[in-house]
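J.: To start, I am sharing the structure in question, which I have written as structure tokens.
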Amino acid sequence: MCLLLGAAGVGKTLLVKRLQKLSSGDGKGDLGEPPPTRPTVGTNLTDIVAHRKITIRELGGCMGPIWSSYYGNCHSLLFMMDASNPTQLSASCMQLLGLLSAEELAKASVLILFNKIDLPCYMTMEEMKSLMRLPDIIACAKQNITTVEISARNGTGLATVLLWLQNQHRHSS
């Protein structure tokens with residue numbers, strides 16, 4: 001199981017739809033226009049086939065207070081942040097710190113996704129890492145943490161996300 005978490009409106013649902021489309025073909029096809037999405041109320045389960053079936057459980061951003069109810073069977077964690085919304089950064093950082101300190105997630109691999117890099121007002125990964133003091137967070141975390149800049153809208157970085165998922169779930173049951 002892979003958990004997909006992040007604040008409301010960061011692009012989690014679009015990411016899952018895009019990853020599903022990317023993994024369904026040869027991985028080189030045109031993603032086309034972004035499909036319509038609606039805010040997730042509750043949870044969505046989506047299977048991605050990347051050499052093996054990987055189930056992604058997306059939890060709505062408004063469910064943050066009960067995310068911990070879903071940590072139990074988590075092998076990997078995708079944590080999405082909106083790179084175009086600096087006002088949301090500190091709240092996202094607090095959510096991330098909570099996730100990294102959860103005992104049930106101590107062995108989960110973590111991929112931090114800086115989404116919406118297609119927007120003209122986005123912060124670079126280096127700016128976000130600096131503002132969050134991410135190198136300090138990574139140094140103290142028990143988890144293996146990777147970061148990537150993506151655009152769920154235009155597909156930038158999604159092949160990297162799919163490859164990361166494949167690598168994390170290669171030997172899992």
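Cβ coordinates come from backbone N, Cα and C, glycine included.
Note: TrEMBL annotation is automatic and uncurated.
Relevant sequence annotations retrieved from TrEMBL are reproduced here:
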| type | residues | note |
| --- | --- | --- |
| BINDING | GLY6, ALA7, ALA8, GLY9, VAL10, GLY11, LYS12, THR13, GLY61, ASN115, LYS116, ILE117, ASP118 | GTP binding site |
| BINDING | THR13, THR40 | Mg(2+) binding site |
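Surface or core, plus neighbours and distances: that's what I need for these features.
T.: The number of other Cβ atoms within 10 Å of the Cβ belonging to GLY6 (GTP binding site), over all protein chains shown, comes to 26.
Long-range Cβ proximity for THR13 (Mg(2+) binding site), meaning a same-chain Cβ under 8 A and a gap of 6 or more residues, is found for THR37, ARG38, PRO39, THR40, ASN44, GLU58.
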J.: So for THR40 (Mg(2+) binding site), how many other CB atoms are inside 10 Å of its CB?
T.: 18
J.: Counting Cβ atoms within 10 Å across all protein chains shown, which of the binding-site residues ALA8, LYS12, LYS116 comes out on top?
T.: LYS12
J.: Count, for each of the binding-site residues VAL10, GLY61, ASP118, the other C-beta atoms lying within 10 angstroms of its own C-beta, and report the residue with the smallest count.
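T.: With the binding-site residues VAL10, GLY61, ASP118, fewest surrounding Cβ atoms within 10 Å: ASP118.
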